[in-house]
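Take a look at the structure below.
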Amino acid sequence: MQTNFLSQRFNAGFLAENSTACPANATICDGTSCVLPDDNFNQTLNVVLSTVLTIMLALVMFSMGCNVELKNFLGHIKRPWGIFVGFLCQFGIMPLTAFLLSLAFNVLPIQAVVVMIMGCCPGGTTSNVIAYWVDGDMDLSISMTTCSTLLAMGMMPLCLFIYTKMWTDSDAIVLPYDSIGISLVALVIPVSFGMFVNYKWPRKAKIILKVGSIVGAVLIVLIAVVGGILYKGSWIISPKLWIVGTIFPAAGYTLGFFLARLAGLSWHRCRTVSLETGMQNTQLCTTIVQLSFTPEQLELMFTFPLIYSIFQLLFALLILGGYRLYRRHRVKTKTDVEKTEQKEDSKSNAKINGGFLSDEMK
């Protein structure tokens with residue numbers, strides 16, 4: 001998780017008990033809250049955790065690559081209908097949804113900008129892990145994440161130019177192309193190694209995949225915990241942004257699924273497109289707002305990527321839980337139907353065999 005700025009607030013009650021004014025080293029003070037500069041502990045913690053998370057992410061993507069077959073992956077590239085539908089969802093539905101939510105809830109201009117930045121970000125790698133758990137199309141999931149990250153270099157500036165005109169000068173938003181490039185490399189290289197292992201040693205690849213899915217679960221939880229530690233003082237924010245941060249990922253999952261279904265994709269690909277649409281690269285959004293805005297502006301907008309990250313994960317887990325319940329019920333029902341059919345067949349065959357009917361079939 002990349003971060004260059006840590007926002008810490010002190011509420012009025014705390015200040016009243018401990019001092020009559022903001023601390024001397026406060027960079028911003030409005031009488032009720034203060035923002036303090038980074039301390040060495042948090043900087044060190046950030047570097048250590050970022051390194052650990054990067055290594056874990058590479059391992060997870062390597063394991064996800066072990067479930068990708070080169071032939072199927074290239075098939076999606078050569079016949080990119082699924083990728084095209086994902087592209088429409090990622091850079092069509094999400095920016096438009098962000099724009100409409102910002103207007104509907106009448107958030108501050110600077111807050112509308114951060115909502116738009118989130119809507120224009122490419123898909124996150126967490127979607128690949130969840131897609132595996134919901135029996136999605138892993139070849140499509142990996143190819144969509146790769147393509148959206150690559151296309152983000154051109155589509156993000158275009159979408160921000162179109163949608164943020166009424167709130168700010170799009171030139172004021174700094175896009176970290178180096179971070180996008182690093183995300184792309186961190187995705188492509190481990191997945192490529194995983195695909196090679198799957199091609200050469202398919203049995204070992206299955207073992208690696210199971211281990212990687214567990215590591216992926218740990219990574220998701222760890223990212224949430226790290227966010228809570230590093231940004232523990234940043235949760236005082238407008239209720240409107242909390243509402244937008246709740247609705248936005250849910251809308252992404254829902255609209256992505258229905259658009260994929262309207263496009264004629266199979267059910268497991270619809271689930272894949274849905275997850276790729278709703279799960280955004282929140283780390284990239286955080287980096288962009290840090291590079292583009294002043295501490296005073298960050299005070300109003302910095303927490304939104306964290307809110308979105310929490311609710312996109314929460315809804316993804318609800319989708320996973322719902323799918324697992326459906327699958328368990330479906331398998332159970334299917335098994336009962338097969339047993340009933342076998343019983344009926346045995347009874348009908350008994351007439352042909354002189355009326356013989358075993359005790360098991362009675």
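Glycine is treated like the rest: Cβ placed from N, Cα and C.
The compositional bias 'Basic and acidic residues' annotation in TrEMBL covers 336-348.
Here TrEMBL flags 336-362 as region 'Disordered'.
If you look up TrEMBL, you'll see 45-63 (among others) marked as transmembrane segment.
Annotation comment: TrEMBL describes 83-105 (among others) as transmembrane segment.
Summarising the annotation, TrEMBL assigns transmembrane segment to 112-134 (among others). Within its own chain, the transmembrane segment (112-134) has Cβ neighbours under 8 Å at 57, 60-61, 64, 67, 86, 90-91, 94-99, 101-103, 141-142, 144-145, 148-149, 151-152, 155-156, 159-160, 163-164, 167-168, 173, 180, 183, 187, 209, 213, 216-217, 219-220, 223, 241, 244, 248, 271-272, 275-285, 288-289, 301, 304-305, 308, 313, 316, 319-320, 323, counting only residues six or more beyond its boundaries.
Within the chain carrying the transmembrane segment (140-163), a Cβ under 8 angstroms from the stretch's Cβ atoms is held by residues 64-65, 68, 73, 76-77, 82-83, 86-87, 90-91, 95, 98-99, 116-117, 119-125, 127-128, 131-132, 170, 173, 175, 177, 180-181, 183-184, 187-188, 191, 269, 272-273, 275-276, 281, all 6 or more beyond its ends. Under the heading transmembrane segment, TrEMBL lists 140-163 (among others).
Residues or ranges marked as transmembrane segment in TrEMBL: 175-195 (among others).
What TrEMBL records for 207-229 (among others) is transmembrane segment.
The list of residues near the transmembrane segment (241-260) in space but at least 6 beyond its ends in sequence, with Cβ under 8 angstroms from a Cβ of it, reads 82, 85-86, 88-89, 93-94, 97-98, 101-102, 105, 107, 111, 115, 118-119, 269-280, 301, 303-304, 307-308, 310-312, 315-316, 319. Positions annotated as transmembrane segment by TrEMBL: 241-260 (among others).
The transmembrane segment annotation in TrEMBL covers 306-326 (among others).
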